[in-house]
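Chemist: Sharing the record's features from Swiss-Prot:
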type: TOPO_DOM; residues: 1-16; note: topological domain 'Extracellular'
type: TRANSMEM; residues: 17-37; note: transmembrane segment
type: TOPO_DOM; residues: 38-50; note: topological domain 'Cytoplasmic'
type: TRANSMEM; residues: 51-71; note: transmembrane segment
type: TOPO_DOM; residues: 72-92; note: topological domain 'Extracellular'
type: TRANSMEM; residues: 93-113; note: transmembrane segment
type: TOPO_DOM; residues: 114-129; note: topological domain 'Cytoplasmic'
type: TRANSMEM; residues: 130-150; note: transmembrane segment
type: TOPO_DOM; residues: 151-164; note: topological domain 'Extracellular'
type: TRANSMEM; residues: 165-185; note: transmembrane segment
type: TOPO_DOM; residues: 186-276; note: topological domain 'Cytoplasmic'
type: TRANSMEM; residues: 277-297; note: transmembrane segment
type: TOPO_DOM; residues: 298-306; note: topological domain 'Extracellular'
type: TRANSMEM; residues: 307-327; note: transmembrane segment
type: TOPO_DOM; residues: 328-515; note: topological domain 'Cytoplasmic'
type: COMPBIAS; residues: 362-375; note: compositional bias 'Low complexity'
type: REGION; residues: 362-409; note: region 'Disordered'
type: COMPBIAS; residues: 385-396; note: compositional bias 'Acidic residues'
type: COMPBIAS; residues: 397-407; note: compositional bias 'Low complexity'
type: COMPBIAS; residues: 469-504; note: compositional bias 'Low complexity'
type: REGION; residues: 469-515; note: region 'Disordered'
Amino acid sequence: MSSIIFIPNDADNINSIMVTISSSLSLVGCLFILSIYIYYKELREFQLKLIFIMTINDFIISIIFLIATHIQTKYFDAITNVFPFFCNFPDSLLHYFFLSSFFWEVCIAHTLIQVIKYNNDKVEDNLKKYFIFSNGLSALIMVSLFFIRSYSKIDCHHDSIFPHLLFFIPLLLTWIYNIIVCALLTKTFKEQAMNFGYSLGINGGSGSYINFTNNNSIDNYSNIIIKNDLIINNNNNINVNNNNNNINILFHVNVNNNNNKIIIKRIRKTPNIIWTSIFFLFSFGFIWSWSILVIILKYLSLDVKYILMISYFFIPLHGCMNAVCFGVNDRLRMNLKKSCKNYYYKFLGLFSLDKRKSYGINGNNKNNKNNNGANCEERSLIDYSPDDDDDEDDDNNNNNYSDGNYYQIPSPFLIDSRNSSNLTDYSVILDNNNNNNNNGPYNPTRSNSITELLYNNINSLNAIRILSNNNNNNNNNNNNNNNNNNNNNNINNNDNNNNNNNNNSFCTIDEDETK
(Lines of atoms letter the chains of each structure in order from A and count residues from 1; the text may use other names and numbers.)
(Lines give C-alpha, C1' and ligand atoms only; values in the text may rest on other atoms or scores of the structure.)
Protein backbone atom coordinates (compact mmCIF):
# COMPACT_ATOMS: atom_id res chain seq x y z
CA MET A 1 0.00 0.00 0.00
CA SER A 2 1.34 3.41 -0.93
CA SER A 3 1.34 6.31 1.48
CA ILE A 4 -0.13 8.58 -1.24
CA ILE A 5 -2.83 6.74 -3.17
CA PHE A 6 -2.31 7.49 -6.86
CA ILE A 7 -2.39 4.03 -8.46
CA PRO A 8 -5.34 1.68 -7.80
CA ASN A 9 -4.85 -1.94 -6.78
CA ASP A 10 -4.66 -4.68 -9.36
CA ALA A 11 -8.16 -5.90 -8.44
CA ASP A 12 -9.78 -2.50 -8.97
CA ASN A 13 -10.76 -2.89 -12.60
CA ILE A 14 -13.22 0.01 -12.65
CA ASN A 15 -10.74 2.38 -11.04
CA SER A 16 -8.03 1.24 -13.45
CA ILE A 17 -10.29 2.01 -16.41
CA MET A 18 -11.04 5.48 -15.03
CA VAL A 19 -7.33 6.19 -14.49
CA THR A 20 -6.60 5.02 -18.03
CA ILE A 21 -9.24 7.32 -19.53
CA SER A 22 -8.20 10.43 -17.61
CA SER A 23 -4.46 9.88 -18.05
CA SER A 24 -5.01 9.34 -21.79
CA LEU A 25 -6.79 12.69 -22.01
CA SER A 26 -3.88 14.36 -20.24
CA LEU A 27 -1.45 12.61 -22.55
CA VAL A 28 -3.27 13.95 -25.62
CA GLY A 29 -3.34 17.48 -24.16
CA CYS A 30 0.37 17.37 -23.36
CA LEU A 31 1.26 16.08 -26.82
CA PHE A 32 -0.79 18.89 -28.34
CA ILE A 33 1.07 21.60 -26.40
CA LEU A 34 4.46 20.03 -27.12
CA SER A 35 3.67 19.79 -30.83
CA ILE A 36 2.51 23.39 -30.96
CA TYR A 37 5.71 24.59 -29.29
CA ILE A 38 7.85 22.66 -31.77
CA TYR A 39 5.85 23.57 -34.89
CA TYR A 40 5.19 27.31 -34.33
CA LYS A 41 8.55 28.95 -33.85
CA GLU A 42 6.96 32.40 -33.49
CA LEU A 43 5.27 31.22 -30.28
CA ARG A 44 8.51 30.21 -28.57
CA GLU A 45 8.47 33.00 -26.05
CA PHE A 46 9.41 32.93 -22.40
CA GLN A 47 5.90 32.38 -21.09
CA LEU A 48 5.28 29.45 -23.44
CA LYS A 49 8.73 28.09 -22.60
CA LEU A 50 7.65 27.78 -18.97
CA ILE A 51 4.43 26.11 -20.08
CA PHE A 52 6.48 23.76 -22.27
CA ILE A 53 8.63 22.66 -19.33
CA MET A 54 5.59 22.18 -17.09
CA THR A 55 3.92 20.17 -19.86
CA ILE A 56 6.92 17.82 -19.95
CA ASN A 57 6.31 17.08 -16.26
CA ASP A 58 2.63 16.44 -16.92
CA PHE A 59 3.52 14.23 -19.89
CA ILE A 60 5.76 12.07 -17.68
CA ILE A 61 2.98 11.87 -15.08
CA SER A 62 0.54 10.59 -17.70
CA ILE A 63 3.04 7.97 -18.89
CA ILE A 64 3.62 6.76 -15.32
CA PHE A 65 -0.12 6.47 -14.73
CA LEU A 66 -0.62 4.42 -17.90
CA ILE A 67 2.32 2.10 -17.22
CA ALA A 68 1.71 1.56 -13.51
CA THR A 69 -2.01 0.94 -14.00
CA HIS A 70 -1.49 -1.88 -16.52
CA ILE A 71 1.55 -3.53 -14.94
CA GLN A 72 1.14 -5.63 -11.85
CA THR A 73 2.67 -4.28 -8.67
CA LYS A 74 4.83 -7.37 -8.18
CA TYR A 75 7.15 -6.14 -10.92
CA PHE A 76 7.95 -3.08 -8.80
CA ASP A 77 8.54 -5.12 -5.65
CA ALA A 78 12.16 -5.75 -6.64
CA ILE A 79 12.88 -2.02 -6.46
CA THR A 80 10.98 -1.74 -3.17
CA ASN A 81 13.01 -4.59 -1.65
CA VAL A 82 16.27 -2.84 -2.51
CA PHE A 83 15.01 0.63 -1.52
CA PRO A 84 12.31 0.12 1.10
CA PHE A 85 11.84 3.83 1.68
CA PHE A 86 10.26 4.08 -1.79
CA CYS A 87 7.22 2.14 -0.47
CA ASN A 88 5.73 2.08 -3.97
CA PHE A 89 8.04 3.16 -6.74
CA PRO A 90 5.42 4.54 -9.21
CA ASP A 91 3.69 6.51 -6.47
CA SER A 92 7.02 7.99 -5.34
CA LEU A 93 7.74 9.10 -8.91
CA LEU A 94 4.28 10.63 -9.18
CA HIS A 95 4.84 12.39 -5.87
CA TYR A 96 8.00 14.04 -7.23
CA PHE A 97 6.64 15.07 -10.63
CA PHE A 98 3.40 16.41 -9.17
CA LEU A 99 5.40 18.60 -6.81
CA SER A 100 7.53 19.80 -9.72
CA SER A 101 4.40 20.65 -11.72
CA PHE A 102 2.98 22.60 -8.76
CA PHE A 103 6.15 24.65 -8.46
CA TRP A 104 6.22 25.41 -12.20
CA GLU A 105 2.69 26.75 -11.84
CA VAL A 106 4.02 29.03 -9.12
CA CYS A 107 6.79 30.19 -11.48
CA ILE A 108 4.27 31.01 -14.22
CA ALA A 109 2.16 33.02 -11.77
CA HIS A 110 5.28 34.84 -10.56
CA THR A 111 6.19 35.72 -14.16
CA LEU A 112 2.74 37.18 -14.79
CA ILE A 113 2.83 39.40 -11.73
CA GLN A 114 6.37 40.58 -12.50
CA VAL A 115 5.46 41.54 -16.05
CA ILE A 116 2.03 43.08 -15.53
CA LYS A 117 2.29 44.72 -12.13
CA TYR A 118 5.99 45.60 -11.92
CA ASN A 119 6.74 45.98 -15.67
CA ASN A 120 9.78 43.74 -15.36
CA ASP A 121 11.12 43.08 -18.86
CA LYS A 122 14.02 40.92 -17.63
CA VAL A 123 12.02 37.95 -16.36
CA GLU A 124 13.84 35.66 -18.78
CA ASP A 125 16.88 35.93 -16.52
CA ASN A 126 14.93 33.99 -13.87
CA LEU A 127 14.82 30.75 -15.86
CA LYS A 128 17.72 29.15 -13.99
CA LYS A 129 16.19 30.18 -10.68
CA TYR A 130 12.91 28.62 -11.74
CA PHE A 131 14.68 25.35 -12.56
CA ILE A 132 16.38 25.29 -9.17
CA PHE A 133 13.16 26.18 -7.38
CA SER A 134 10.92 23.67 -9.15
CA ASN A 135 13.13 20.63 -9.57
CA GLY A 136 15.50 21.25 -6.67
CA LEU A 137 12.82 21.91 -4.06
CA SER A 138 10.83 18.88 -5.22
CA ALA A 139 13.91 16.67 -4.91
CA LEU A 140 14.65 18.12 -1.46
CA ILE A 141 11.14 17.29 -0.25
CA MET A 142 11.38 13.72 -1.53
CA VAL A 143 14.82 13.22 0.03
CA SER A 144 13.52 14.48 3.37
CA LEU A 145 10.58 12.07 3.09
CA PHE A 146 12.91 9.13 2.38
CA PHE A 147 15.13 10.18 5.28
CA ILE A 148 12.18 10.26 7.68
CA ARG A 149 11.02 6.83 6.52
CA SER A 150 14.48 5.29 6.82
CA TYR A 151 15.58 6.61 10.20
CA SER A 152 12.24 6.93 11.96
CA LYS A 153 11.17 3.39 11.04
CA ILE A 154 7.86 4.64 9.62
CA ASP A 155 5.95 2.11 7.55
CA CYS A 156 4.33 2.77 4.20
CA HIS A 157 0.76 2.58 5.39
CA HIS A 158 -1.63 5.18 4.04
CA ASP A 159 -2.33 6.48 7.57
CA SER A 160 1.18 7.91 7.81
CA ILE A 161 0.95 11.67 8.14
CA PHE A 162 4.37 12.69 6.80
CA PRO A 163 3.77 11.94 3.10
CA HIS A 164 0.45 13.73 3.27
CA LEU A 165 1.98 16.83 4.81
CA LEU A 166 4.85 16.87 2.32
CA PHE A 167 2.43 16.64 -0.58
CA PHE A 168 -0.69 18.59 0.35
CA ILE A 169 1.08 21.53 1.99
CA PRO A 170 2.90 22.47 -1.28
CA LEU A 171 -0.37 21.85 -3.13
CA LEU A 172 -2.32 24.25 -0.89
CA LEU A 173 0.47 26.84 -0.98
CA THR A 174 0.44 26.73 -4.79
CA TRP A 175 -3.32 27.27 -4.87
CA ILE A 176 -3.17 30.14 -2.35
CA TYR A 177 -0.31 31.85 -4.20
CA ASN A 178 -2.25 31.71 -7.47
CA ILE A 179 -5.28 33.23 -5.72
CA ILE A 180 -3.11 36.11 -4.51
CA VAL A 181 -1.65 36.62 -8.00
CA CYS A 182 -5.12 36.64 -9.56
CA ALA A 183 -6.27 39.27 -7.06
CA LEU A 184 -3.18 41.43 -7.71
CA LEU A 185 -3.63 41.18 -11.47
CA THR A 186 -7.26 42.24 -11.20
CA LYS A 187 -6.30 45.19 -9.02
CA THR A 188 -3.49 46.17 -11.39
CA PHE A 189 -5.75 46.20 -14.43
CA LYS A 190 -8.29 48.35 -12.62
CA GLU A 191 -5.57 50.82 -11.61
CA GLN A 192 -4.27 50.98 -15.17
CA ALA A 193 -7.77 51.68 -16.44
CA MET A 194 -8.16 54.50 -13.91
CA ASN A 195 -4.73 55.94 -14.75
CA PHE A 196 -5.59 55.79 -18.42
CA GLY A 197 -8.69 57.89 -17.75
CA TYR A 198 -6.75 60.45 -15.72
CA SER A 199 -4.02 60.71 -18.37
CA LEU A 200 -6.64 61.67 -20.95
CA GLY A 201 -8.26 64.24 -18.72
CA ILE A 202 -11.37 62.19 -17.98
CA ASN A 203 -12.98 63.20 -14.69
CA GLY A 204 -12.43 60.52 -12.08
CA GLY A 205 -10.98 58.22 -14.68
CA SER A 206 -14.44 56.82 -15.33
CA GLY A 207 -15.59 58.82 -18.33
CA SER A 208 -16.49 57.25 -21.63
CA TYR A 209 -15.08 59.63 -24.23
CA ILE A 210 -12.17 61.96 -24.85
CA ASN A 211 -12.40 64.50 -27.67
CA PHE A 212 -9.51 65.87 -29.71
CA THR A 213 -10.63 69.10 -31.35
CA ASN A 214 -8.95 70.76 -34.32
CA ASN A 215 -6.57 72.62 -32.04
CA ASN A 216 -5.38 69.47 -30.27
CA SER A 217 -2.91 66.92 -31.45
CA ILE A 218 -2.85 63.23 -30.73
CA ASP A 219 0.90 63.62 -30.12
CA ASN A 220 0.07 64.96 -26.67
CA TYR A 221 -0.85 61.40 -25.73
CA SER A 222 2.01 59.59 -27.45
CA ASN A 223 2.92 57.38 -24.48
CA ILE A 224 -0.47 55.91 -23.69
CA ILE A 225 -1.66 52.39 -24.43
CA ILE A 226 -5.18 52.35 -25.81
CA LYS A 227 -6.90 49.19 -24.59
CA ASN A 228 -10.34 50.25 -25.80
CA ASP A 229 -12.21 51.15 -28.98
CA LEU A 230 -10.76 54.09 -30.87
CA ILE A 231 -13.15 55.99 -33.13
CA ILE A 232 -11.28 58.19 -35.60
CA ASN A 233 -13.22 60.81 -37.49
CA ASN A 234 -12.21 61.34 -41.10
CA ASN A 235 -11.14 64.94 -40.71
CA ASN A 236 -8.00 66.24 -42.37
CA ASN A 237 -7.68 69.10 -39.88
CA ILE A 238 -6.62 66.78 -37.08
CA ASN A 239 -2.87 66.57 -36.64
CA VAL A 240 -1.59 62.99 -36.53
CA ASN A 241 2.18 63.05 -36.67
CA ASN A 242 3.94 60.23 -38.49
CA ASN A 243 6.55 60.11 -35.74
CA ASN A 244 4.00 58.91 -33.21
CA ASN A 245 4.99 55.28 -32.69
CA ASN A 246 3.94 54.65 -29.10
CA ILE A 247 0.17 54.46 -29.42
CA ASN A 248 -0.88 50.84 -29.18
CA ILE A 249 -4.39 49.81 -30.15
CA LEU A 250 -5.37 46.48 -28.65
CA PHE A 251 -9.03 46.25 -29.71
CA HIS A 252 -11.11 47.71 -32.61
CA VAL A 253 -10.89 50.87 -34.65
CA ASN A 254 -14.03 52.47 -36.07
CA VAL A 255 -14.40 55.41 -38.43
CA ASN A 256 -17.08 58.10 -38.19
CA ASN A 257 -17.63 61.36 -40.05
CA ASN A 258 -19.86 63.13 -37.55
CA ASN A 259 -17.88 66.03 -36.09
CA ASN A 260 -14.38 67.41 -36.25
CA LYS A 261 -13.04 65.39 -33.38
CA ILE A 262 -11.41 62.10 -32.50
CA ILE A 263 -13.34 60.04 -29.96
CA ILE A 264 -11.73 57.36 -27.84
CA LYS A 265 -14.46 55.17 -26.42
CA ARG A 266 -13.59 53.33 -23.24
CA ILE A 267 -15.14 49.89 -22.90
CA ARG A 268 -14.75 48.05 -19.61
CA LYS A 269 -13.72 44.52 -20.42
CA THR A 270 -12.03 41.94 -18.22
CA PRO A 271 -8.73 40.84 -19.82
CA ASN A 272 -8.46 37.22 -20.84
CA ILE A 273 -5.55 36.63 -18.49
CA ILE A 274 -7.88 37.22 -15.55
CA TRP A 275 -10.42 34.72 -16.86
CA THR A 276 -7.60 32.23 -17.43
CA SER A 277 -6.42 32.63 -13.83
CA ILE A 278 -9.94 32.22 -12.48
CA PHE A 279 -10.54 29.11 -14.57
CA PHE A 280 -7.24 27.64 -13.39
CA LEU A 281 -8.09 28.27 -9.73
CA PHE A 282 -11.50 26.60 -10.00
CA SER A 283 -10.25 23.61 -11.98
CA PHE A 284 -7.19 23.14 -9.76
CA GLY A 285 -9.28 23.25 -6.60
CA PHE A 286 -11.93 20.94 -8.05
CA ILE A 287 -9.43 18.29 -9.18
CA TRP A 288 -7.52 18.06 -5.91
CA SER A 289 -10.41 18.60 -3.49
CA TRP A 290 -11.47 14.96 -3.94
CA SER A 291 -8.06 13.67 -2.90
CA ILE A 292 -8.03 15.92 0.16
CA LEU A 293 -11.52 14.74 1.04
CA VAL A 294 -10.38 11.10 0.80
CA ILE A 295 -7.55 11.73 3.27
CA ILE A 296 -9.85 13.50 5.72
CA LEU A 297 -12.46 10.73 5.60
CA LYS A 298 -9.80 8.05 6.05
CA TYR A 299 -8.61 9.70 9.23
CA LEU A 300 -12.22 9.80 10.39
CA SER A 301 -12.59 6.09 9.54
CA LEU A 302 -15.45 6.71 7.12
CA ASP A 303 -16.30 4.99 3.87
CA VAL A 304 -14.38 6.50 0.95
CA LYS A 305 -15.19 4.01 -1.81
CA TYR A 306 -17.05 6.30 -4.19
CA ILE A 307 -15.08 9.43 -3.38
CA LEU A 308 -11.87 7.48 -3.95
CA MET A 309 -13.23 6.40 -7.33
CA ILE A 310 -13.83 10.06 -8.25
CA SER A 311 -10.34 10.90 -7.02
CA TYR A 312 -8.81 8.23 -9.25
CA PHE A 313 -10.48 9.81 -12.25
CA PHE A 314 -9.70 13.49 -11.62
CA ILE A 315 -6.10 13.35 -10.36
CA PRO A 316 -4.64 12.22 -13.72
CA LEU A 317 -6.56 15.07 -15.40
CA HIS A 318 -4.09 17.54 -13.91
CA GLY A 319 -2.05 17.61 -17.13
CA CYS A 320 -5.12 18.08 -19.32
CA MET A 321 -6.22 20.98 -17.10
CA ASN A 322 -2.84 22.68 -17.44
CA ALA A 323 -2.89 22.21 -21.21
CA VAL A 324 -6.31 23.85 -21.50
CA CYS A 325 -5.63 26.70 -19.05
CA PHE A 326 -2.11 27.70 -20.06
CA GLY A 327 -1.58 26.30 -23.53
CA VAL A 328 -4.73 27.28 -25.41
CA ASN A 329 -4.70 31.08 -25.84
CA ASP A 330 -5.77 33.62 -28.45
CA ARG A 331 -2.45 33.69 -30.30
CA LEU A 332 -2.41 29.91 -30.56
CA ARG A 333 -5.98 29.84 -31.86
CA MET A 334 -5.10 32.51 -34.42
CA ASN A 335 -2.13 30.51 -35.69
CA LEU A 336 -4.13 27.28 -35.79
CA LYS A 337 -6.92 28.97 -37.71
CA LYS A 338 -4.44 30.36 -40.20
CA SER A 339 -2.76 26.98 -40.67
CA CYS A 340 -6.10 25.22 -41.12
CA LYS A 341 -7.04 27.73 -43.83
CA ASN A 342 -3.74 27.16 -45.59
CA TYR A 343 -4.14 23.38 -45.64
CA TYR A 344 -7.81 23.63 -46.51
CA TYR A 345 -7.18 25.81 -49.55
CA LYS A 346 -4.18 23.76 -50.58
CA PHE A 347 -5.65 20.26 -50.45
CA LEU A 348 -9.10 21.11 -51.80
CA GLY A 349 -7.64 22.31 -55.10
CA LEU A 350 -8.29 26.04 -54.88
CA PHE A 351 -5.53 26.70 -57.42
CA SER A 352 -7.92 26.68 -60.39
CA LEU A 353 -9.34 29.86 -61.85
CA ASP A 354 -12.96 28.96 -61.16
CA LYS A 355 -12.29 28.38 -57.48
CA ARG A 356 -10.42 31.67 -57.17
CA LYS A 357 -13.39 33.48 -58.70
CA SER A 358 -15.57 32.17 -55.88
CA TYR A 359 -13.24 33.92 -53.44
CA GLY A 360 -13.43 37.27 -55.19
CA ILE A 361 -10.38 36.92 -57.47
CA ASN A 362 -11.60 37.71 -60.99
CA GLY A 363 -9.08 36.71 -63.64
CA ASN A 364 -11.19 37.77 -66.63
CA ASN A 365 -11.33 41.41 -65.66
CA LYS A 366 -8.51 43.30 -67.34
CA ASN A 367 -9.03 46.21 -64.97
CA ASN A 368 -8.40 43.93 -62.00
CA LYS A 369 -4.80 45.15 -61.81
CA ASN A 370 -5.98 48.66 -61.03
CA ASN A 371 -8.74 47.66 -58.59
CA ASN A 372 -6.90 45.54 -56.06
CA GLY A 373 -7.71 47.90 -53.23
CA ALA A 374 -11.41 48.05 -54.10
CA ASN A 375 -11.70 44.26 -54.04
CA CYS A 376 -9.69 43.79 -50.85
CA GLU A 377 -12.73 43.02 -48.72
CA GLU A 378 -13.89 40.29 -51.10
CA ARG A 379 -10.56 38.47 -51.17
CA SER A 380 -9.58 35.57 -49.03
CA LEU A 381 -6.71 36.21 -46.64
CA ILE A 382 -4.50 33.71 -48.46
CA ASP A 383 -4.05 33.89 -52.25
CA TYR A 384 -2.62 30.99 -54.18
CA SER A 385 -1.11 30.86 -57.62
CA PRO A 386 -2.03 28.04 -60.06
CA ASP A 387 -0.07 24.90 -60.57
CA ASP A 388 1.93 24.13 -63.70
CA ASP A 389 -0.98 22.47 -65.52
CA ASP A 390 -3.08 25.63 -65.43
CA ASP A 391 -0.47 28.06 -66.74
CA GLU A 392 -1.80 28.11 -70.30
CA ASP A 393 -5.40 28.66 -69.19
CA ASP A 394 -4.34 31.49 -66.93
CA ASP A 395 -2.38 33.17 -69.71
CA ASN A 396 -5.43 33.09 -71.95
CA ASN A 397 -7.51 34.70 -69.24
CA ASN A 398 -4.96 37.47 -68.56
CA ASN A 399 -4.52 36.24 -65.02
CA ASN A 400 -1.83 37.72 -62.83
CA TYR A 401 -1.01 34.41 -61.13
CA SER A 402 1.50 32.61 -63.30
CA ASP A 403 3.85 30.95 -60.83
CA GLY A 404 3.79 27.28 -60.00
CA ASN A 405 3.88 27.87 -56.25
CA TYR A 406 1.41 29.21 -53.74
CA TYR A 407 2.27 32.17 -51.57
CA GLN A 408 0.80 34.24 -48.81
CA ILE A 409 -0.15 37.80 -49.71
CA PRO A 410 1.14 40.67 -47.59
CA SER A 411 -0.79 41.95 -44.63
CA PRO A 412 -4.26 43.27 -45.59
CA PHE A 413 -3.31 46.56 -43.97
CA LEU A 414 -0.37 47.00 -46.32
CA ILE A 415 -2.63 46.37 -49.31
CA ASP A 416 -5.14 48.92 -48.07
CA SER A 417 -2.48 51.52 -47.33
CA ARG A 418 -0.95 51.19 -50.80
CA ASN A 419 -4.25 51.35 -52.65
CA SER A 420 -6.20 53.79 -50.49
CA SER A 421 -5.13 57.42 -50.59
CA ASN A 422 -7.42 58.46 -47.75
CA LEU A 423 -5.81 56.10 -45.25
CA THR A 424 -2.73 58.19 -44.56
CA ASP A 425 -4.30 60.07 -41.66
CA TYR A 426 -4.69 56.95 -39.58
CA SER A 427 -1.88 54.75 -40.90
CA VAL A 428 0.49 55.93 -38.17
CA ILE A 429 -1.93 54.78 -35.50
CA LEU A 430 -2.71 51.39 -36.95
CA ASP A 431 0.84 50.69 -38.08
CA ASN A 432 2.55 51.42 -34.76
CA ASN A 433 3.61 47.83 -34.29
CA ASN A 434 5.15 47.83 -37.75
CA ASN A 435 7.09 51.02 -36.97
CA ASN A 436 8.38 49.67 -33.68
CA ASN A 437 9.46 46.34 -35.11
CA ASN A 438 11.90 46.03 -37.99
CA ASN A 439 11.51 42.29 -38.41
CA GLY A 440 8.85 42.44 -41.11
CA PRO A 441 5.41 43.72 -42.07
CA TYR A 442 2.57 44.29 -39.69
CA ASN A 443 1.51 41.09 -37.92
CA PRO A 444 -1.56 41.14 -35.64
CA THR A 445 -0.09 38.29 -33.62
CA ARG A 446 3.13 40.19 -32.85
CA SER A 447 3.45 42.22 -29.68
CA ASN A 448 5.92 44.96 -28.83
CA SER A 449 6.09 44.17 -25.12
CA ILE A 450 5.45 41.23 -22.87
CA THR A 451 2.68 43.15 -21.12
CA GLU A 452 0.85 43.79 -24.36
CA LEU A 453 1.28 40.15 -25.32
CA LEU A 454 -0.74 39.02 -22.31
CA TYR A 455 -3.90 40.64 -23.58
CA ASN A 456 -3.99 38.38 -26.70
CA ASN A 457 -6.97 40.33 -27.99
CA ILE A 458 -5.60 42.15 -31.00
CA ASN A 459 -8.46 42.57 -33.44
CA SER A 460 -6.96 45.15 -35.76
CA LEU A 461 -7.93 43.20 -38.89
CA ASN A 462 -11.56 44.16 -38.35
CA ALA A 463 -10.46 47.75 -37.93
CA ILE A 464 -8.51 47.62 -41.17
CA ARG A 465 -11.48 46.22 -43.00
CA ILE A 466 -13.67 49.03 -41.65
CA LEU A 467 -11.14 51.59 -42.87
CA SER A 468 -10.92 49.77 -46.18
CA ASN A 469 -14.70 49.90 -46.61
CA ASN A 470 -14.71 53.64 -45.90
CA ASN A 471 -11.92 54.30 -48.37
CA ASN A 472 -13.47 52.00 -50.96
CA ASN A 473 -16.74 53.90 -50.65
CA ASN A 474 -14.85 57.16 -51.18
CA ASN A 475 -13.13 55.71 -54.22
CA ASN A 476 -16.44 54.48 -55.60
CA ASN A 477 -17.96 57.94 -55.10
CA ASN A 478 -15.02 59.51 -56.91
CA ASN A 479 -15.40 57.02 -59.74
CA ASN A 480 -19.11 57.81 -59.99
CA ASN A 481 -18.33 61.53 -60.11
CA ASN A 482 -15.78 60.94 -62.84
CA ASN A 483 -18.30 58.90 -64.80
CA ASN A 484 -20.86 61.69 -64.48
CA ASN A 485 -18.30 64.22 -65.69
CA ASN A 486 -17.47 61.99 -68.63
CA ASN A 487 -21.15 61.69 -69.49
CA ASN A 488 -21.51 65.48 -69.37
CA ASN A 489 -18.48 65.86 -71.62
CA ASN A 490 -19.97 63.39 -74.07
CA ILE A 491 -23.24 65.34 -74.13
CA ASN A 492 -21.34 68.58 -74.76
CA ASN A 493 -19.41 66.93 -77.57
CA ASN A 494 -22.64 65.74 -79.16
CA ASP A 495 -24.08 69.27 -78.97
CA ASN A 496 -20.96 70.66 -80.61
CA ASN A 497 -21.20 68.11 -83.38
CA ASN A 498 -24.84 69.03 -84.00
CA ASN A 499 -23.94 72.72 -84.16
CA ASN A 500 -21.18 72.01 -86.63
CA ASN A 501 -23.56 70.06 -88.82
CA ASN A 502 -26.05 72.92 -88.78
CA ASN A 503 -23.36 75.41 -89.70
CA ASN A 504 -22.28 73.28 -92.59
CA SER A 505 -25.82 73.06 -93.89
CA PHE A 506 -26.19 76.84 -93.83
CA CYS A 507 -22.90 77.37 -95.61
CA THR A 508 -23.69 75.05 -98.53
CA ILE A 509 -23.89 76.84 -101.96
CA ASP A 510 -26.35 75.56 -104.50
CA GLU A 511 -24.76 75.07 -107.91
CA ASP A 512 -27.96 76.05 -109.71
CA GLU A 513 -28.02 79.41 -107.97
CA THR A 514 -24.44 80.16 -108.91
CA LYS A 515 -25.23 79.48 -112.50
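Quick reminder: no glycine exception, Cβ is built from N, Cα and C everywhere.
The model shown is predicted, which means the values in this text are computed figures rather than measured ones.
Map the listed features onto the structure and describe their local environment.
Modeler: Sequence-distant neighbours of the transmembrane segment (17-37) (same chain, 6+ residues past either end, Cβ-Cβ under 8 Å): 7-8, 43-44, 48-49, 51-52, 55-56, 58-59, 61-63, 65-66, 69-70, 309, 312-320, 322-324, 327, 332.
Residues in the topological domain 'Cytoplasmic' (38-50) partition by DSSP class (helix H, G, I; strand E, B; coil) as 10 helix, 0 strand, 3 coil.
If one looks beyond the transmembrane segment (93-113) by at least 6 residues along the same chain, the residues whose Cβ comes under 8 Å of a Cβ in the stretch are 4, 6-7, 46-47, 50-51, 53-54, 57-58, 60-61, 64-65, 123, 126, 130, 133-135, 137-139, 141-142, 145, 163, 167, 170-171, 174, 177-178, 181, 184-185, 273, 277, 280, 284, 318-319, 322, 326, 454.
Looking just at the topological domain 'Extracellular' (151-164), the mean pLDDT is 64.
Within the same chain, residues 4, 95, 98-99, 102-103, 105-106, 109-110, 112-113, 116-117, 141, 144-145, 273-274, 277-278, 280-281, 284-285, 288, 292, 295 sit at least 6 positions outside the transmembrane segment (165-185) and bring their C-beta atoms closer than 8 Å to a C-beta of that stretch.
Helix, strand and coil counts from DSSP across the topological domain 'Extracellular' (298-306) read 4 helix, 0 strand, 5 coil.
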Chemist: Please indicate, using numbers and ranges, the residues of the same chain that are 6 or more beyond the transmembrane segment (51-71) and have a C-beta under 8 Å from a C-beta there.
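Modeler: Same-chain contacts beyond the flanks: 6-8, 16, 19-20, 23-24, 26-27, 29-31, 33-34, 37, 90-91, 93-94, 97-98, 100-101, 104-105, 108, 316, 318-319, 322-323, 326-327.
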Chemist: Can you tell me how the residues of the topological domain 'Cytoplasmic' (114-129) break down into helix, strand and coil by DSSP?
Modeler: 10 helix, 0 strand, 6 coil
